[in-house]
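A.B. asks: Quick one: the structure is below, questions incoming.
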Amino acid sequence: MGGVGFVTGFGEGVVRKRAVVCAKDGANPRMRVRGSSNVGGRRVRDREAEEFAGADDEQSRLYRREAKEKLPAERDATSKLIGAIALVAGTTVGAGVLALPAVTREGGFLPSTALLLGAWLYMSTTGNLIAEATAATTANTGRKEVSLLSIIELSLGKVGAFSSGAAYVGIHYALLVAYISQGGRILGEWTDSIVGGVPTWSLSLLFASAVGSLMYFASDESVEKVNNALVAGLVTLFGGLLVTVLPQAVPENLLHQDIPQAISAIPVLVLSLVFHNIVPSVVSQLDGDLKKTKTAINVGSAIPLTMFLLWNAAILGTTDASVAAYDPVEALRSGGGAISLVVSSFSLVAITTSMFGFVYGLSDFLKDLKQRLGSSGSRSEELPSPGKQVQPFLATLVPPTALALLAPDIFFEALDSAGAYGISVLFGIIPAAMVWRFRYSKERKFSNPVRPQVPGGKSVLAATGGSAAVLILSEMYQTLSPMLG
């Protein structure tokens, strides 16, 4: 009997010890009980099984709790990345797409496709440079959220910030002029088919007043809802456009090539792929994770690139390149039928959604500039919408509206100037210069470097800035050479 008692007691101790080890290792202790079933008899097995079952239940509860804690964090990280991709894509898709067929028609679909791919590679590169500069600014200042101008001021000083601010204002004014003039032209095409004789300038004024009034008097939440609905409509109209136009495309029309003419379209190609002003917000939204930021930039900008290529193929496929210069999108809008309605609606929605972003961007910049200059507005200047001061808002809309009324056909010239000068400086030369300073300066304020987001070192940075400088000089030569004879 003593022998049996000794074996029974020893077996109990071994099995309990194994149960603790199994529980720590995440194994199922009940499986170990069954493996020891020949030790000590049925009563021991039953008692141990109950104890191990309790341990197993506790372990299961621990795993379930850990899983519940991890899943929301994983979902949150995934939703943040998807949101960042959508933000980049939504910012990129704008009214620049309307000008693509007109500026690439003479150059041809194949050369312009190659140049558009090159423009995307360049703009995604400079976008990642801004992300690197944003992370470096955060690392060296301790601030989680920084603006593009504050990044420029830290890296390039007040002179760099001033020149960048001037380029920022110039880009916004040029694009707002383009949007207001083209919005009035599209409304004119609609009214001509109904009443006729309505001056284009009055419709441009109506368009600017309607968009401006909505943005000023409505709450930000209401404007956001309107914008979301318009973006959804934009995607739907784009699908309808492809379904309507692509079947009418003639493959031979896509084979025309004129490389010099295609090269002249580069400023508008670059402009159509701009998203860089929201890169600091993307870095902040993704908690400074530069790997995810790179994914958001590359994927988010590739989505509009695909849309632009399909759009260009659809429009240029219906266009005879031998015909004298004209705007193929405008020709489709005025052609009547379902195609006319779809193209006109797509054009107007694209312009409106783009205008929302640029009005907000410039008015916020001017409001910040006003506060920096120490001339904050009085309460009498505050109208019904909280936080929106009348002076910056009027300064945002009145000058471009006046210029659009005086020069209603300025759409393409405004886009070309914005792309060649403003975009080349602010989103070409400046990003390369900022990262150069952050990487290679020995000043104390740059003592916390971050991992490079663009490989190639100084040679790539020099080529990036140099390419933008060449584009600026080329545009200046084309502008001045007729004047100089």
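Yeah, the Cβs are placed from backbone N, Cα and C, and that goes for glycine too.
Sharing the feature lines straight out of TrEMBL:
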- 32-56: region 'Disordered' (REGION)
- 81-103: transmembrane segment (TRANSMEM)
- 115-138: transmembrane segment (TRANSMEM)
- 159-180: transmembrane segment (TRANSMEM)
- 200-218: transmembrane segment (TRANSMEM)
- 230-250: transmembrane segment (TRANSMEM)
- 262-283: transmembrane segment (TRANSMEM)
- 295-317: transmembrane segment (TRANSMEM)
- 337-362: transmembrane segment (TRANSMEM)
- 393-412: transmembrane segment (TRANSMEM)
- 418-438: transmembrane segment (TRANSMEM)
A.B. asks: Check the transmembrane segment (200-218) against each of 81-103, 115-138, 262-283, 295-317, 393-412 and return whichever range has the most CB pairs under 8 Å.
C.D. replies: 393-412
A.B. asks: Between the transmembrane segment (115-138) and the stretches 81-103, 337-362, 418-438, work out which stretch tops the count of Cβ pairs under 8 Å.
C.D. replies: 418-438
A.B. asks: Looking at 81-103, 159-180, 230-250, 418-438, which one has the highest count of Cβ pairs under 8 angstroms to the transmembrane segment (262-283)?
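C.D. replies: Maximum Cβ contact count belongs to 81-103.
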A.B. asks: Which listed range (159-180, 295-317, 393-412) shows the maximal number of Cβ pairs under 8 Å with respect to the transmembrane segment (81-103)?
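C.D. replies: The stretch with the most close Cβ contacts to the transmembrane segment (81-103) is 295-317.
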A.B. asks: Do the transmembrane segment (230-250) and the transmembrane segment (337-362) share at least 3 Cβ pairs closer than 8 Å, excluding pairs fewer than 6 residues apart in sequence?
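C.D. replies: Per Cβ check, the transmembrane segment (230-250) touches the transmembrane segment (337-362).
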A.B. asks: Using a Cβ distance cut-off of under 8 Å, indicate which of 159-180, 295-317, 337-362, 418-438 has the most pairs with the transmembrane segment (393-412).
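C.D. replies: Most contacts with the transmembrane segment (393-412): 159-180.
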A.B. asks: May I ask for the residues of the chain that lie six or more residues beyond the transmembrane segment (159-180) and have a Cβ under 8 Å from a Cβ within it?
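C.D. replies: Long-range Cβ neighbours of the transmembrane segment (159-180): 95, 148-149, 152-153, 204, 207-208, 351, 354-355, 358-359, 361-362, 365-366, 369, 396-397, 399-401, 403-404, 407, 410-412, 414-415, 417-418, 421-423, 425-426, 430, 433.
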